[in-house]
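**Q** From TrEMBL, here are the annotated features:
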COMPBIAS  154-165  compositional bias 'Polar residues'
DISULFID  Cys21-Cys34  disulfide bond
DISULFID  Cys24-Cys42  disulfide bond
DISULFID  Cys45-Cys60  disulfide bond
DOMAIN    8-42  domain 'TNFR-Cys'
DOMAIN    44-86  domain 'TNFR-Cys'
REGION    133-171  region 'Disordered'
REPEAT    8-42  repeat 'TNFR-Cys'
REPEAT    44-86  repeat 'TNFR-Cys'
Amino acid sequence: MARVVFSACLPGEYEYEGECCPQCPSGNVVKNHCTDAVSTVCIPCVDNTYMDHPNGETKCLRCKICDKGAGLVTKKACTYTSNTVCDCERGSFCRSVSGKECDMCERHKTCPPGEMVKRYDVQVESLFNREQVPTTPSAKLFMQGKDNKEKQSIQETRPFQPNSDLENHNS
């Protein structure tokens, strides 16, 4: 028959060999468990390790490394109390998710000449292209950009709006 163990320790404590010991704070782990005579002795996590919650653990967790080969970059560096947060490189989107984290990014496609962005969804999918550039004031302004960067900023500032652009064009 399986033995079931119930912990009678209070919040902020952990059970060790029948004793309720005080937990170590975030950023620390147990060096020595408590005894009848001595309280828990905690030590801080060291480089490239962390512990993000109060605990009774004896080893810190290893910090995640953002895989550049998978298109990931560091968004927030690891600290003693929090893990590394990775993100996709600029101009990329998350292609594959593992748990709650992205583990593979893919570059957005670029539109060929004469086409423009139809929809841009950073988290889910790449760029979808519109096959023809409408001949409206905002589309003409978009096409007058001297280089790709300028065209992109003009487009992001004022995207194509069929109703208002057609009204403005006919005025």
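Cβ coordinates are placed from backbone N, Cα and C, and glycine is handled just like the others.
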**Q** If you run through the domain 'TNFR-Cys' (8-42) with DSSP, how many residues end up as helix, strand and coil?
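**A** Output for the domain 'TNFR-Cys' (8-42) reads 0 helix, 16 strand, 19 coil.
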**Q** Is Cys45 (disulfide bond) helix, strand or coil when read with DSSP?
**A** coil
**Q** In the structure shown, which of the disulfide-bonded residues Cys24, Cys34, Cys45 has the fewest other Cβ atoms within 10 Å?
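**A** Cys34, out of the disulfide-bonded residues Cys24, Cys34, Cys45, has the fewest neighbouring Cβ atoms within 10 Å.
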**Q** Which residues, sitting 6 or more apart from Cys21 (disulfide bond) on the same chain, put a CB under 8 Å from its CB?
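**A** In sequence order, Cys9, Glu13, Tyr14, Glu15, Val30, His33, Cys34, Ser39, Thr40, Gly56 meet the Cβ cut-off.
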**Q** Can you count the other CB atoms that lie within 10 A of the CB of Cys60 (disulfide bond)?
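**A** For Cys60 (disulfide bond), the 10 Å Cβ neighbour count is 20.
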**Q** Cα of Cys42 (disulfide bond) to Cα of Cys60 (disulfide bond): how many Å, rounded?
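**A** Given the Cα positions, Cys42 (disulfide bond) is 11 Å from Cys60 (disulfide bond).
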**Q** Can you tell me how far the Cα of Cys45 (disulfide bond) sits from the Cα of Cys24 (disulfide bond), in Å?
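**A** Cys45 (disulfide bond) to Cys24 (disulfide bond), Cα-Cα distance: 11 Å.
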**Q** Using C-alpha atoms only, work out the spacing between Cys24 (disulfide bond) and Cys60 (disulfide bond) and round it to an integer in Å.
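**A** That comes out at 11 Å between the alpha carbons.
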